[in-house]
Amino acid sequence: MRWSSCLMITTRGSATRAISSFPSRFLSSILSSTDAVNRRVFSSSQQEEGFPDSLSLVAALKSFAESLNLSAGQELHGLALKSGHDRSNLFVRNALLNLYAKCSRLDSVLRIFSSPNTERDSASWNIVLASYVRSDRLPGARRIFDEMPHRDTVSFTTMIMGLARNGHPDEAVAVFRDMIAGGVRPNEVTLATVLSACSHLRASRGGSMIHAASVKLGLVDFVLVGTNLVHVYASCSRIDDSRSAFDALPEKNTITWNVMLNGYAKAGQVGHAKDLFERIPAKDLVSWSTMIDAFLRVQRLQEALRIYRGMLQDLGERPNEVLMVDLVSACGRCSAVQEGQQLHAAITKMGLDCHTFVQSTLIHFYGAVGLVDLACLQFQAGCKSHVSSWNALLAGLLRNNMVEAAAELFDNIPERDVVSWSTMIAGYVHNGSSLLALQLFQDMQNKGCEPNDITLVNVLSAVADSGTLDYGKWIHDLITIRRIPLTNNLSAGLIDMYAKRGSIGNALNMFDTVKDSASVSPWNAIICGLAMHGHADMSLEVFMDMQRRSITPNSITFIGVLSACCHNGLVDTGRRYFESMRREYSIEPTIKHYGCMVDLLARAGCLEEAERVIERMPMEADVMIWGSMLASARTHGKVEIGERAAESLARLEPSHGAARILLSNIYADAGRWSDVFTVRRAMQSGRLDKTPGWSGIL
């Protein structure tokens, strides 16, 4: 019988009986598996019957624990059993606990720890606690932690670390508070861990308090503590405090530099990020990738690609697949066809196209830039066993208005997931087929596929366009019953749906429930909804409340604000808000903003000023703008301006019959009957479109 097989279960009686008769050469076989230092220790400290003393046994067990040599450690366990050191010597028993804990043998740890009539000290309890934490068995760790007769710094730090690393940052912070309240002094690892928990919670105040504690305890200069301080301030958008903590560190490693760089990148402060990047003493792959990400976040693709080329020259190693996916995705967003294809070639050369998510990114890129044939080719060449590739091609077809081809592909997807359904529903909505979107959502429900917030945002948009208020209320009830997280976009979708279905009261009630924690999207929805229903004063009041709460408006916000000004004829207020877009918020007006401004001025009779606005526009005025000018020209009797507006409309849309009729009416109002006759004759001889009238009841 092999001696090692007898010793695998070390605490059983059979193992003890086997050990009682093992040969003297057994000790030398153990020594042959240890390092030179342990061999010298054993050879110089053997006692009677060939057994090492407890000190040598502890040293050897510690060595095997560090090297994770479980089999050799189990043989030493056998020696401890025969010599009685496993029961009589606390240090040997703790060394055995440590061995099995390091080798992830929780069952063996618990057998030794729970042996009757054995002494335990704080180290014993801490080893068992650490073993539970290492095995991600937090309930057991919490039970051991609560049962410990004496909890020291190691106990608290281990428990905090286990909670923080397993998605319970709030509990980790609570245990830290108990630690301080109990008068137990934290060390640098404790502070670094609880700072990490605060960063996950975005707990700015908690980070500041731990910062103060680290200064008081003299631990703030540890790199680990300082780096996590930089991170917690950056994660709470306190970038200036993050930089102060960074500058105060007497010693920084590459991780510290990367954390500060990432803080600038996520804050959109690409100039500061670039300055810091150039000062990093030893850039690694994370440094380069973070700088690339900083440029991609602000849509500066060419500078990101320049950094990418510099990384290839500096590091001399290939980038990872995550970085390549980010770059290719950015090329799709920026319609950078040539750059994206060059990256595709690099991906193929490096062999990264074997990853499924890389394949789907390439398909998505070609669809985004309008090269549908290449998207289909990439799909055919890639692996079709994963639904992400199907979803990427589906999105590409819909983006290029190939709805019928997308519907056919959707029907052929082997196993649709929630992204497949959401993509097809969104495609129908964006292509004006809201009824088909609602029908598809019903099919999704019948198939048992659970919608997510993105699905429901698109369904609510379909309801707002073509559904009924009752259907919208049913969607709202569905969100409540299934406890779907009410994201900002989802709450904005509900507000928008209620407003467009004529229930401004429900829209306001929905807004009141989310406004205290909402970002800009729900505020936009209620501002635009109120303006649409003619509640201009209330719309502007909501906007001022939004400003008081320091919520930064975006371009959609100002469409609602300018529409409200237009409905109430608030010319001066509209001018002020229009100018503040660029001056205060760096928002470049789109054609919709110019359209609102032209309509506001034209309705108020300021047609000459409206014409000057059109002349200064960086884009060509569309049919809506010239139509607004033409209608207002008739209202205010401005014949010449009406003629210019009608001429511009005819140039944009030669078959626009309504424009000719309006111009004819302007001439008639001015008594210019010969011009009326000329326009009418041109209408009769030309082929003009006339929109038929219709009526309906919702």
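Glycine is treated like the rest: Cβ placed from N, Cα and C.
All TrEMBL annotations are machine predictions without curation.
Listed in TrEMBL:
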| type | residues | note |
| --- | --- | --- |
| REPEAT | 121-151 | repeat 'PPR' |
| REPEAT | 152-186 | repeat 'PPR' |
| REPEAT | 253-287 | repeat 'PPR' |
| REPEAT | 417-451 | repeat 'PPR' |
| REPEAT | 519-553 | repeat 'PPR' |
| REPEAT | 554-584 | repeat 'PPR' |
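Residues 488-489, 491-493, 495-496, 498-500, 504, 507-508, 511, 559-561, 563-565, 567-568, 570, 573, 585, 587 of the same chain lie 6 or more positions beyond the ends of the repeat 'PPR' (519-553) yet place their CB under 8 Å from a CB of it. Residues 90, 93-94, 97-98, 100-101, 104, 106, 109-110, 113, 158-159, 161-163, 166, 168, 182, 184 of the same chain lie 6+ residues outside the repeat 'PPR' (121-151) yet bring a C-beta within less than 8 angstroms of a C-beta in it.
Nonlocal intrachain contacts for the repeat 'PPR' (554-584), taken as residues 6+ away from its ends with a CB within less than 8 angstroms of a stretch CB, comprise 520, 523-524, 527-528, 530-532, 534, 536-537, 539-540, 543, 546, 590, 592-593, 596-597, 599-601, 603-604, 606. Within the model, the repeat 'PPR' (554-584) shows a mean pLDDT value of 92, rounded to a whole number. Across the range of the repeat 'PPR' (152-186), the DSSP-based residue counts are 26 helix, 0 strand, 9 coil.
Per-class residue totals from DSSP over the repeat 'PPR' (253-287), listed helix then strand then coil: 27 helix, 0 strand, 8 coil.
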